[in-house]
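Listed in Swiss-Prot:
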type: BINDING; residues: Asp85, Asp87, Asp89; note: Mg(2+) binding site
type: BINDING; residues: Cys86, Cys102, Cys109; note: Zn(2+) binding site
Amino acid sequence: MDLDIKEIVKNMDLKFRNIEGKKLLLAISTDKSGKVLMTAFMSEESLEKSIETGFMHYYSTSRDKLWRKGEESGNVQKIINVFRDCDGDALLFTVEQTGWACHEGYMSCFHNKIDLSTGKSTVVGNKLD
């Protein structure tokens, strides 16, 4: 018996938090090696769309809308698996990344290494073409 998408999300026992007036949770995406690619917020609707399509959808607080990762760049994230954290307010996705994950052209959004003695950051890694 196949469950509908809303029932699947309900069974995930998630705790969406009130962030900027929206019910959201944190989504972390990693590649198969475990390297963190990016973090973003998800609404219930973006989670449902991700499950339905097999590709990552997020909720942009700055644009106040749902968006499919790669809708402009073509750098999509195909879902391999997902883990829920112990509190139910964050999801960790393993994805197959097409192209780069960061909108600045880096594989990971975490390319700014911070020196804790100065607070200054240095870019590590190269931009991808």
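Cβ coordinates come from backbone N, Cα and C, glycine included.
Here the features listed in Swiss-Prot are placed on the structure.
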residue : record              : Cβ neighbours (10 Å)
Asp85   : Mg(2+) binding site : 14
Cys86   : Zn(2+) binding site : 6
Asp87   : Mg(2+) binding site : 10
Asp89   : Mg(2+) binding site : 14
Cys102  : Zn(2+) binding site : 17
Cys109  : Zn(2+) binding site : 17
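If you take the Cα of Cys102 (Zn(2+) binding site) and the Cα of Asp85 (Mg(2+) binding site), they are about 24 angstrom apart, rounded to a whole number. For the recorded site, Asp85 (Mg(2+) binding site), the DSSP three-state label reads coil. Of the recorded residues, Asp87 (Mg(2+) binding site) and Cys109 (Zn(2+) binding site) place their C-alpha atoms 25 Å from one another. Same-chain residues that are not part of Asp85, Asp87, Asp89 yet have a Cβ within 8 Å of the Cβ center of the Mg(2+) site turn out to be Lys15, Leu25, Arg84, Cys86, Gly88, Ala90.
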